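J.: Quick paste from TrEMBL:
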type   : residues : note
DOMAIN : 35-220   : domain 'DH'
DOMAIN : 261-459  : domain 'BAR'
DOMAIN : 513-576  : domain 'SH3'
DOMAIN : 614-677  : domain 'SH3'
Amino acid sequence: MANDSTEEEGLAKESPETEHHIYEDVKWFNKAEQNQRMAVEELISTETGYVHNLQLCISDIHDHLQKKQLPEIDLEGLFSNIEDVLRVSRHFLTGLETVANLEHEQLFHISTLFQELKEEMENVYKVYCANYDQALILLEIYRKEPRLQKELLDTLQVTVPHTGASDLSFFLVMPVQRVTKYPLLLQKILENTLESDSAYEALSAATKAMIEVNANINEYKRRKEVADKYNKAGYLTLRERLARLNTHSITKKTTRLSRLFMHEAGIVSKTEDKEFDDLEEKFQWLASGVADLKENVASFLSNTEVFLGSQLQENELDIEAGTRQQCCRLAGKLNSIILPEFKKRLERLVYLPLCNLSETLKGPQKLIRKRLDKLLDYEEVEEKRNETGSVTYEEEASMNTYLAINSLLVSELPAFNLVALKWLGQILRSFVALQKDLAKQVLQEAEGEMAQLPHRHLPETDFWKMVEDTLSRAEDQLHSFCKKFESVRPSPVVQPLSPAEERRVLLLVNKHGPDKLFQVTSNISGSKDMDLTLQRGQIVALLHDMDTKGNSNRWLVDAGGPRGYIPSGKVQPYHLVQNQKSKTEMLIPNDGAERRRHSYNLPETASPPVSFITPAFQVVAGYAFTARSSHEVSLRAGQPVTVLEPHDKKGSKEWSLVEVNGQRGYVPSSYLVMAPTPEPPGWSSPVWPLPNQQT
């Protein structure tokens with residue numbers, strides 16, 4: 001018994017030592033540490049599976065559909081920038097795998113990795129997420145087409161049968177889900193990390209960074225939805241546009257127009273945004289350059305066709321018959337071989353890309369115009385808020401819409417301008433290269449024929465001397481011809497105008513004077529707000545030789561109704577012919593309605609017969625008027641005034657916008673009268689009695 005007791009005591013002593021030996025290498029973690037470790041492992045393992053599925057989506061599904069060459073399926077619209085998403089995710093996964101086996105500072109390295117890739121992740125995921133809804137719309141369209149739906153299902157079964165995916169949306173939604181998962185995983189790791197841990201601050205910063213990324217993605221998506229909404233409005237038919245008109249929309253448009261006029265007249269100040277103004281100016285110059293280049297390329301091609309297609313035998317040139325045959329033979333080769341190939345290359349490498357670039361610019365142009373509309377609404381609501389202290393929900397929404405469009409343009413226009421400029425630069429380089437190739441081909445074809453010309457044996461110096469002498473003689477002849485032509489040139493002749501156009505021109509003359517008339521030399525398409533769209537040959541009157549920013553290349557003109565800006569380089573002075581001048585002298589306002597509204601029209605009674613030229617008239621103040629606000633201007637009786645608008649901003653004829661001594665403002669229309677201009681001594685003209693002063 002004693003032996004047994006001794007053995008039991010020995011076993012009791014051995015038991016703790018044995019257990020310690022078995023578990024001496026095992027690390028015990030408390031519950032928080034275990035959860036932290038599991039969250040890190042989940043982050044790494046799910047990122048591995050995510051990247052694998054993205055690779056399947058691109059290398060298998062996308063490539064398989066691309067090989068099928070189905071024009072009905074928009075691969076770019078479906079997959080967006082998923083390749084950029086994969087590139088960033090691979091970079092991120094490589095960083096995670098590098099720190100996966102670290103014992104110390106693993107959490108710190110993971111946090112640093114998130115913060116380093118924050119900006120790049122935001123840039124790629126915001127584009128993908130913003131286009132995701134459009135991808136779903138495309139998938140829904142393809143599902144309704146049995147043939148396309150079958151092609152998509154066959155692709156999934158052939159490329160990724162092991163995934164069990166029954167629809168392409170299974171893969172397309174993964175990036176959207178993944179970017180929203182990052183802050184949740186980081187939050188889980190952070191919750192199971194002690195505040196005293198050295199990596200706690202870094203983890204907290206990484207969590208906030210990914211939350212901010214998701215917030216920025218949602219805001220970008222909201223802005224893009226607003227932009228897409230207004231871009232789609234451009235595709236409405238006329239019937240659909242008319243159906244949208246109602247009392248509310250007409251009132252809103254009228255309010256915008258009134259505020260825009262007040263901006264231009266300087267009555268109210270415009271909200272300044274220098275950053276946007278600079279970006280818009282660069283964009284508008286780019287759009288104007290593209291439009292001009294399209295026009296110039298078309299003119300260049302037309303002139304090249306005329307030049308290369310010329311037939312010397314149709315011209316009376318004093319050259320020998322043999323030389324003429326050589327030149328005709330060369331012209332035939334150029335016209336039948338070189339020109340068609342050049343036209344084909346020019347259209348493919350220059351004109352079509354230029355047209356595509358022009359179409360691409362239309363989206364931002366619409367959005368910029370819509371921004372102005374929303375800015376006018378914003379100013380109106382802001383003014384109301386300052387006066388009353390509150391606005392309605394709809395008014396608050398309109399203000400937010402302006403802010404969204406403005407923020408989107410400010411963030412996107414720099415990159416867009418840069419890409420469009422590079423695009424335009426590449427088109428110009430292609431254009432130059434094509435011209436060099438054309439010159440080279442023409443010279444090669446001409447070498448054989450030129451070798452048979454009479455001067456082929458001349459040394460190079462003698463040849464160039466002969467060319468210079470010939471050009472000098474031609475220049476002298478041309479100069480002599482020009483001098484003779486100037487001496488015998490008839491008075492300027494204009495194209496005949498239609499009766500309606502002629503009456504409009506005469507009204508412009510009476511309103512602004514003949515020296516202010518200009519004629520449009522080429523079609524003008526307005527690209528900015530307040531720009532006019534005019535046809536070649538139209539007559540306009542110059543109001544101001546620069547815009548509100550002091551740009552002298554943009555003139556303010558009166559087109560006989562609408563007023564706006566046009567490029568100064570697309571007009572030339574217009575000269576009235578004699579019969580138009582005589583009609584101008586005889587033109588007298590005779591509209592009864594206008595007589596009732598304005599007291600400065602001529603009286604209806606016939607003037608006594610006089611034997612002199614009909615005098616010119618000017619508008620003067622019939623009575624003294626004292627301005628009562630900053631919108632009005634004071635007048636002295638008999639003071640000449642310039643009528644800018646015969647009505648106020650609401651269209652009322654009771655007030656007129658005038659300019660007096662360089663100051664602009666409103667005056668009562670009934671205070672203005674028409675009076676003859678002062679005439680040279682010895683002349684006499686009837687004096688029209690002033691109307692009775694109104695009280």
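Cβ coordinates come from backbone N, Cα and C, glycine included.
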J.: Using a cut-off of under 8 Å between C-beta atoms, tell me which stretch among 35-220, 513-576, 614-677 contacts the domain 'BAR' (261-459) the most.
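T.: Comparing 35-220, 513-576, 614-677 against the domain 'BAR' (261-459), the winner is 513-576.
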J.: What is the pLDDT of the domain 'BAR' (261-459) when averaged and given as a whole number?
T.: 82
J.: When DSSP states are grouped into helix, strand and coil, how many residues of the domain 'SH3' (513-576) land in each?
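T.: When I sort the residues of the domain 'SH3' (513-576) into the three classes, I find 6 helix, 26 strand, 32 coil.
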